[in-house]
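K.L.:
Pasting the relevant annotations from TrEMBL:
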type	residues	note
BINDING	Asp61, Lys66, Thr115, Thr187, Glu218, Lys333, Arg400	NAD(+) binding site
REGION	126-153	region 'Disordered'
BINDING	Phe215, Val216, Arg217, Glu218, Lys274, Phe319, Leu320, Asp321, Ala322, Gly323, Gly327, Lys393	substrate binding site
ACT_SITE	Cys330	active site, nucleophile
DOMAIN	386-487	domain 'UDP-glucose/GDP-mannose dehydrogenase C-terminal'
Amino acid sequence: MGIIVSRPDAQAVAAPASAAGACAAMATVAGMHISVIGCGYLGAVHAACLAGAGHEVVGLDVDARKVAGLQAGEPLFHEPGLAGLLGRTVGHGLRFTTDPGTLGAAEVIYVAVGTPQLGDGQVGVGQVGTGHAGNRRATGNPAPDGSGAQGPVAAGRADLSQLDAALRQVEAHASRTHRTLVVGKSTVPVGTAARVAERLSRCDADLVVAWEPEFVREGHAIADTRAPARLVHGLPDDPEQARFARSQLARCHRGIDAATPRLAVDYATAELVKTSANAFLATKISFINAMAELCDAAGADVTALADALGLDPRIGAGFLDAGIGFGGGCLPKDLRALQARAGELGAQPVADLLGRVDALNLRARDRATDALARLCGGGLAGRRVAILGAAFKPDSDDLRDSPALGIADRARAAGARVTITDPMATGGLRCLRADLEVVDDALTAATGADVVALLTPWPHYLRLDPAELGDVVAHKALLDGRNALDPDEWERAGWRYAGMGRR
């Protein structure tokens, strides 16, 4: 199937002028019965946005505590605007349940379950083909670099056990009286969608599979869902099934801006659009961090370099913020999964390139730890380190593969006493990392510190008063791991300032 770029019928859907207009326009369209399997960061937002668009939506998850929180309008994770959206939609077209029997009423079933990194690489893309879960659970062991990522970086393969479980629910409970579209939203290794389609073709229900990769950012998930840059649809090769899938997807997405490109491609291309996009962004971040290291060696300034590079329209300014590298639940694991899949497919030079991108990213954490040691006079043993920020990015409480936690663990391994704080993630930190000293605010964290490290650039950390913070520390030494502060302001207040590749 070649790429087909299309837009909705302009007579059917006028382009709304705003996100609010989009909701109003979508609400006028006859709603569909939709189920969303998996109600984490992706699925819960997707379900709520679909309900806000006038559809009847059931969110399904195996975690009863998560379901209860969402049904009460109180998600267990932080995503700006989600609680308010749930408050407007739960009971008004949206409900959450643990009962897979609700799938029988669905015209469209979205699958939005997690595909984390495997602990030992024992199962990969083929695991969804049999319909049996087998031995697939990730180990949950920390990565050797202390980042919190599961299992060895070298393994990297995607754990598809949650996808397998979701497919078993679909096989058991999808309607036997009407055709159902099953839409994969989960990020999967290339080749997975074809195996899913082949597996579901053996079910006695009439099921058609499409793959619609997600491109939402944590912290911006609602806006990205309502106003996507593009919609990519991986469709079956069978023309009749492809027409059905496109028709149903158009109904799901009516009201999204008519100027939004809709790209119809084959399954494999759709899968690679997502994973290659994340790999490209990861590569861009690792590149600018490599340039930061070169700037340190050459006496240059990476922030000025990034500004100059970003003015080139062929490059663009996005993802050129040098610092301690990327983390979270998407870029690291998607990069490693793509690396592993490239190796499985015999594309070893591609796997080697992606592996180098990953290694450069982890090296940024080593460089930050070395900078902390230099600020402390050459070593961290016996020193008190205050870390501001634990989540992998602002506007999120996500601690998965957090660069800040990786640096905290490196500092502790070097003999430092580490105190850490975060405006959203302290609850998760206390549950998951009892070995760390977790406090509620920056001043408490910095009290008595030999060095302070800004590792997640939350806005109120950027507004900290250098003089006020200086009154509570033992030594005025600051690592700006995100190059987010004004060095002159802090140096005027008597601080020793170090950035990542800054003069």
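Using the three backbone atoms N, Cα and C, a Cβ is placed for every residue, glycine included.
In TrEMBL, annotation is done automatically, which means it is predicted and not curated.
Bear in mind that the values here come from a model prediction, so they are computed numbers and not experimental data.
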K.L.:
Out of Lys66, Arg217, Lys274, Lys333, Arg400, which of the binding-site residues is least crowded by other Cβ atoms within 10 Å?
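P.N.:
Lowest Cβ count within 10 Å among the binding-site residues (Lys66, Arg217, Lys274, Lys333, Arg400) is Arg217.
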K.L.:
Could you state the CA-to-CA distance between Asp61 (NAD(+) binding site) and Cys330 (active site, nucleophile) to the nearest Å?
P.N.:
20
K.L.:
Given the NAD(+) binding site residues Asp61, Lys66, Thr115, Thr187, Glu218, Lys333, Arg400 in the record, what is the largest Cα to Cα distance, rounded to whole Å?
P.N.:
23
K.L.:
Looking only at Cβ atoms, how many others are within 10 Å of the one on Glu218 (NAD(+) binding site)?
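P.N.:
I count 25 other Cβ atoms within 10 Å of it.
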K.L.:
Measuring Cα to Cα, how many angstrom lie between Phe215 (substrate binding site) and Cys330 (active site, nucleophile)?
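P.N.:
Between the alpha carbons of Phe215 (substrate binding site) and Cys330 (active site, nucleophile) there are 10 Å.
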K.L.:
Could you tell me how many residues in the domain 'UDP-glucose/GDP-mannose dehydrogenase C-terminal' (386-487) are helical, how many are strand and how many are coil under DSSP?
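P.N.:
Once the DSSP states are binned, the domain 'UDP-glucose/GDP-mannose dehydrogenase C-terminal' (386-487) shows 33 helix, 18 strand, 51 coil.
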K.L.:
When you measure from the Cβ of Asp61 (NAD(+) binding site), how many other Cβ atoms are you left with inside 10 Å?
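P.N.:
Summing over all protein chains shown, Asp61 (NAD(+) binding site) has 22 other Cβ atoms within 10 Å.
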K.L.:
Across the listed substrate-binding residues, Phe215, Val216, Arg217, Glu218, Lys274, Phe319, Leu320, Asp321, Ala322, Gly323, Gly327, Lys393, what is the farthest Cα to Cα distance, given in whole Å?
P.N.:
24
K.L.:
Are there any residues at least 6 positions away along the chain from Thr115 (NAD(+) binding site) with a Cβ closer than 8 Å to its Cβ? List them or say none.
P.N.:
Ala158, Asp159, Leu160, Gln162, Leu163, Ser186, Thr187, Val188, Lys333, Ala337
K.L.:
Inside 10 Å of the Cβ of Cys330 (active site, nucleophile), count up the other Cβ atoms and send me the figure.
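P.N.:
Result for Cys330 (active site, nucleophile): 25 neighbouring Cβ atoms inside 10 Å.
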K.L.:
Over the domain 'UDP-glucose/GDP-mannose dehydrogenase C-terminal' (386-487), work out the mean pLDDT and round it to an integer.
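P.N.:
Computed over the domain 'UDP-glucose/GDP-mannose dehydrogenase C-terminal' (386-487), the mean pLDDT is 97 on the 0 to 100 scale.
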K.L.:
Can you tell which of the recorded positions Arg217, Lys274, Ala322, Gly327, Cys330 lies nearest to Arg400 (NAD(+) binding site) in space, using Cα positions?
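P.N.:
The smallest Cα gap between Arg400 (NAD(+) binding site) and any of the recorded positions is with Gly327.
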